[in-house]
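Here's the structure we're looking at; comments come further down.
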Amino acid sequence: MTKRIAITAGEPASIGPDLVITLAQQAWPAELVVCANPELLLARAAKLGLPLRLIPYHSENKPQPQAAGTLTIAPFELAAEVECGVLNELNSAYVVDTLRFAGEKNMSREFDAVVTGPVHKGIINQAGIAFSGHTEYFAVQANCQDVVMMLAAPGLQVALMTTHIPLAYVAKAITRERLHHIIHILHKELKSKFGLGSPKIYVCGLNPHAGEDGHIGREELDVMIPALNELRAQGIQLVGPLPADTLFQPKYLQDADVILAMYHDQGLPVLKSLGFGKSVNITLGLPYIRTSVDHGTALELAGTGLADSGSFTCALNKAIELASKVSN
């Protein structure tokens, strides 16, 4: 059966619309329902010199593969005119509305997955809308106590214990309870969505040298090791905590299904240096499939035709792949 994939185009002044239009230049085996302003997409397509025909979305219609040069559109109204590369806080509610719609329709099973384009967190918050990121937004909307942010690139998958919080708050956020929640989600989702029979999870320490036996911090001794031992007793394959500065080596990576980093900038710089533009952000623990690009808004490239659609293409392919594994 053909899958129906929601796509949010993201910040309207960014490269998000450009990338969605670029994706439309090829045929896809799923129906692509873009949550965006139709006039914005048509104007951006004209600016880029790319053909685009928009097909109105009707939920009662059976999903059909997307023909090249077309997108199915779920229309949303902008509050202000869009200028490429220029943020306008008046359009922040528009951005969040597209996310709300995509999340709701996935939870009701009207859609089979959502792929999200880049948003600008700063301008959304400047508009008075509390927003720390897609991952956190969808988790709250779906009433999930915890979700896991995982980025996947060829040969490496990195999941995060904490996401978009200040570094000063990270140590307090790493508790036995949270380690249990995050690792259980990771273990379960790697089995159910990725088909891994017994996933092997390698865990980074929090402190330099994984605490050096308590001489450079006690979080490993007091919190992490007891929690990991409890989880091992439940049959989960865990290695660590290991020093993060030496963990990302071939001798470890060849055996690891995923690396669990303790904070955002511990694991993602390594992954992005190896596979930037080819990696996919996947949210685990939601009641539906969500993938995303691995980059930001790149405002300076909006409307220029220079934006690289590689990550968006990977994210869409991964969403279709994962959705195809789910029973209809």
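Backbone N, Cα and C atoms are what each Cβ position is placed from, and that goes for glycine too.
Summarising the annotation, Swiss-Prot assigns substrate binding site to His134, Thr135, Lys272, Asn281, Arg290 and lists sequence analysis as the type of evidence. As annotated by Swiss-Prot, divalent metal cation binding site applies to His164, His209, His264, with the evidence given as sequence analysis.
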Quick one: Cα separation, Asn281 (substrate binding site) versus His264 (divalent metal cation binding site), in Å?
12
What does DSSP assign Arg290 (substrate binding site), in three states?
strand
Rounded Cα separation (Å) that holds between His134 (substrate binding site) and His264 (divalent metal cation binding site):
14
Longest CA-CA distance among His134, Thr135, Lys272, Asn281, Arg290, per record bound to substrate, angstrom:
19
Would you list, in sequence order, the binding-site residues among Thr135, Lys272, Arg290 whose CA lies within 10 Å of the CA of His164 (divalent metal cation binding site)?
Thr135
Would you mind listing, in sequence order, the residues at least six apart from Lys272 (substrate binding site) in the same chain with a Cβ closer than 8 Å to its Cβ?
Leu151, Ala153, Ser279, Asp294
